[in-house]
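Notes follow the structure.
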């Protein structure tokens with residue numbers, strides 16, 4: 001969860017990294033009493049994320065800076081649109097500018113990419129989609145979710161940005177839910193515990209509210225995972241045909257997650273198989289920052 005405390009700590013750390021002993025360029029070229037204003041302007045179309053972080057960067061540098069937003073997080077913007085106006089001492093505006101942009105450009109890039117994936121999935125539920133569509137059992141439409149493949153130290157910001165783009169969050173971290181992947185299952189198998197038994201073994205050790213997800217890479221693993229009582233079954237790197245067959249085998253007895261090699265071109269067909277969730281690591285590990293600029297008045 002992205003709280004004001006998390007934001008403040010992060011922007012203060014970023015400012016300390018960027019200007020540990022002040023901004024010697026501003027201090028030697030800009031009079032201390034000079035004031036001015038600037039606009040945050042979009043250089044391309046996108047989805048906004050990080051307004052509060054943008055404002056916090058300037059507030060951390062000087063609380064006297066005023067920030068006026070013309071857009072809210074989660075809203076789409078067009079190239080050339082003025083998004084935010086900042087006013088205050090020019091030295092402080094220039095010193096905090098890059099930190100404010102770094103956060104907001106990356107977060108808006110994540111929100112924009114997420115929105116593209118969500119749009120690609122939602123398109124299959126319209127009249128223009130040419131092909132059979134199976135609706136997911138758990139949700140009205142297949143969900144796009146993120147992963148733990150985030151930038152160290154920036155996970156709260158990046159997961160928040162995914163939500164701004166219309167996506168959903170997977171587990172926040174290792175403490176939130178059980179996710180049994182191939183290496184975990186291999187370790188249990190080495191102790192003579194089979195797949196269904198492995199899930200029961202875990203269930204006996206966690207609280208009744210703890211969610212258990214199990215990754216499978218073959219169709220023949222699904223019956224044992226169902227017998228063990230998994231809450232979610234992840235179909236890892238399945239073909240479209242096998243994904244469809246996996247959905248049929250699971251038959252609503254668990255949440256179905258598809259994962260692996262997801263692209264904008266592929267997700268519509270994956271969603272059409274009836275999976276409940278598609279996890280996309282690229283939302284945070286391969287994203288391009290959106291092009292935003294601070295234009296001075």
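Cβ atoms are placed via backbone N, Cα and C, with glycine included.
Going by TrEMBL, these are the annotated features:
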DOMAIN    23-108  domain 'Quinolinate phosphoribosyl transferase N-terminal'
BINDING   98, 147, 148, 149, 171, 181, 215, 236, 259, 260, 261, 280, 281, 282  substrate binding site
DOMAIN    134-295  domain 'Quinolinate phosphoribosyl transferase C-terminal'
Secondary-structure category, per DSSP, in which residue 215 (substrate binding site) falls: strand
For the domain 'Quinolinate phosphoribosyl transferase N-terminal' (23-108), the mean pLDDT of the predicted model: 98
Recorded substrate binding residues, 98, 147, 148, 149, 171, 181, 215, 236, 259, 260, 261, 280, 281, 282 - maximal Cα separation rounded to whole Å: 41
Fewest-neighbour residue among binding-site residues, criterion Cβ within 10 Å, set 148, 261, 281: 261
